[in-house]
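**Q** Sending over a structure as structure tokens; questions will come in a sec.
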Amino acid sequence: MSEIVWTIAGSDSGGGAGIQADLKAMHSFGVHGCSVVTALTAQNSVAVEAINSVSNEVLESQILALAKDMPAKVIKIGMLATVAQVELVAEHLRYAKRTWAVPPVVVYDPVAIASSGERLTEEDTIAALKQHLLPVVDVITPNTQETQLLTGVYLIGPSAVREAAAKLHAFGISQVVIKGGHWDYPKGYCIDYASCGDEAFWLGSASIQTPHSHGTGCSFASALAACLAKDYPLKDAFILAKAYINQGLKAAVRIGEGFGPVAHLGFPYDLDDYPQVIEGGSWLGDELDLPCPHPERLAAGFASIDDELGLYAVVDSVAWVEKCLAAGVKTVQLRIKDADAANLATDIQTAIAHGKLYGGRVFINDHWQLAIKHGAYGIHLGQEDLAEADLAAIQQAGICLGVSTHGFYEMLRAHQYKPSYLAFGAIYPTTTKDMTGQIQGLNKLQHFVPLMAEHYPTVAIGGINLERATAVAATGVGSVAVVRAITEAEDYRVAIAQLQQAIGSL
Ligand SMILES: Cc1ncc(COP(=O)(O)OP(=O)(O)O)c(N)n1
Ligand SMILES: Cc1ncsc1CCOP(=O)(O)O
Ligand SMILES: [Mg+2]
């Protein structure tokens, strides 16, 4: 069954923003959108001619009807036209959070001012929002103007953005997304910021020049709400919502005499629409004063893999490396997690030598210094290793680099380094490694592969066995990596042959 997401917002008779935009964006991400209308605005592409807020009775009847039968996983709040509406909605949200079997996640897009400049709310709504609504909000998505209205912080640079986010967190909001669509800083770029308190993310996209951007705020927040309902973590929902808006702005056209609406074109499948993940060491990172502990170690663009990766065995001993190579596996990874293991250096050296002897590709997990020293075919690194490892040395040695990713944010982060392959995991639950909260599933894999397969060899890992291998390969992923499906098989040679057949590889 589809996840249910409510939008509590105003109707836009022009069809470009409000409820109408919300439902289209939600549909694009495959959730079922329900609506609670707060006002029947009379608007067209030129002006907001009337607001026509609904009575609290009408508003409440919609909430009660939905709560009875269609409780939401995520509730997106948009325009609340009166102080009385703010109080009523806040009261129902508090009640839902207290009493529903699964408390809803509340996403608030503080629609204070329409893109055409008209004020959509009563003058004294801000005070009521701070007192009643913000304490029940989980995620807030203000633009520059709305951030300033709510925090009093004038967004003149990155530290002001962080300061404003801290003020929003202080209202009790755990996740803050500040949209930079109106900054134009650095020139020609749109920079957005998200903070979960302990982690912060910056995204950058080249500004898209179009006057037809009506409804972008509503659509962004609704896309984000839908992705949260699909269990994407905030950083991935942030990426997808941004890609959705970029895609929609590029395709937006005039409808009416004024400003046309952002287009709604379904899940974003074109990598060109995706934002750049901004890290220290990049020029955008420098503009934002992001720290970079080892700029001299950074590198992008690594050696190419010489052939299809095929079945990829990930094993923890030299003996297993040799057994897999001898059984015809062409890509093998030595994954020794104990940094103080006796004979670590000799094991790595021997595994690399076996690779050369059998004509296979041996990747070394984690121990990049020893891998460089002994001339490995490749090195596999996790996300946390990227900031520490000497990528420049790996690149100069001509060694291939594989990088793990768990979701869209990490995928785009890895893309900055242009590695030799990208691994997506964990596709299914696994007992080999603690992957709590990082299980992607086949659906997400189906989204990752078309975005990246044109640029890199791709690998799926995590919980893959013979029964699952065919479905995984059907996503178009280039390689399937397994641990237990080989090491715990009754007969590993038979298992290797069957897995190779299932994924259509030699
Ligand atoms: C092919 C492949 N994909 C992912 C991983 C995981 O690597 P990493 O994130 O570095 O985690 P550890 O393996 O070090 O626990 C992998 N090893 N191989
Ligand atoms: C190392 C690793 N990285 C993501 S899942 C995983 C373990 C995969 O092991 P298995 O194939 O036994 O599930
Ligand atoms: Mg590792």
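From the backbone N, Cα and C atoms, a Cβ is placed for every residue, glycine too.
Keep in mind that TrEMBL annotations are predicted by a computer and have not been checked by a curator.
This is the feature table in TrEMBL:
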DOMAIN    12-262  domain 'Pyridoxamine kinase/Phosphomethylpyrimidine kinase'
DOMAIN    316-486  domain 'Thiamine phosphate synthase/TenI'
BINDING   Gln333, Leu334, Arg335, Ile336, Lys337, Asn365, Ser404, Lys433  4-amino-2-methyl-5-(diphosphooxymethyl)pyrimidine binding site
BINDING   Asp366, Asp385  Mg(2+) binding site
**Q** In the structure shown, with every protein chain counted, which of the binding-site residues Arg335, Lys337, Lys433 has the densest set of Cβ atoms within 10 angstroms of its Cβ?
**A** Arg335
**Q** Can you grab the distance from Asp385 (Mg(2+) binding site) over to Ser404 (4-amino-2-methyl-5-(diphosphooxymethyl)pyrimidine binding site)? Cα atoms, rounded to a whole Å.
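**A** With the alpha carbons as reference points, the distance is 10 Å.
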**Q** Within 10 Å of the Cβ of Ser404 (4-amino-2-methyl-5-(diphosphooxymethyl)pyrimidine binding site), how many other Cβ atoms can be counted across all chains shown?
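**A** Neighbour count, Cβ to Cβ under the 10 Å cut-off: 22.
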**Q** Counting Cβ atoms within 10 Å of each candidate's own Cβ, which of the binding-site residues Gln333, Asn365 comes out highest?
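**A** Of Gln333, Asn365, the one with the most crowded Cβ is Gln333.
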**Q** Suppose we screen the binding-site residues Leu334, Ile336, Lys337, Asp366, Asp385, Lys433 by Cβ distance to ligand 2 with a cut-off under 6 Å; which survive, in sequence order?
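**A** The qualifying binding-site residues are Lys433.
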**Q** Would you mind reading off the Cα separation of Arg335 (4-amino-2-methyl-5-(diphosphooxymethyl)pyrimidine binding site) from Asp366 (Mg(2+) binding site), to the nearest angstrom?
**A** 8
**Q** Go through Leu334, Ile336, the listed binding-site residues, and name the one with the sparsest Cβ surroundings, counting other Cβ atoms within 10 Å.
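**A** Ile336, out of the binding-site residues Leu334, Ile336, has the fewest neighbouring Cβ atoms within 10 Å.
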**Q** Rounded to the nearest Å, what's the C-alpha distance separating Lys433 (4-amino-2-methyl-5-(diphosphooxymethyl)pyrimidine binding site) and Asp366 (Mg(2+) binding site)? Just drop the number here, would you?
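**A** So the Cα of Asp366 (Mg(2+) binding site) lies 15 Å away from that of Lys433 (4-amino-2-methyl-5-(diphosphooxymethyl)pyrimidine binding site).
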**Q** Could you check what DSSP calls Ser404 (4-amino-2-methyl-5-(diphosphooxymethyl)pyrimidine binding site) once collapsed to helix, strand or coil?
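**A** DSSP call for Ser404 (4-amino-2-methyl-5-(diphosphooxymethyl)pyrimidine binding site): strand.
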**Q** Does any of Leu334, Ile336, Asn365, Asp366 have a Cβ within less than 6 Å of an atom of ligand 3? These are the binding-site residues; tell me which, or none.
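**A** The qualifying binding-site residues are Asn365, Asp366.
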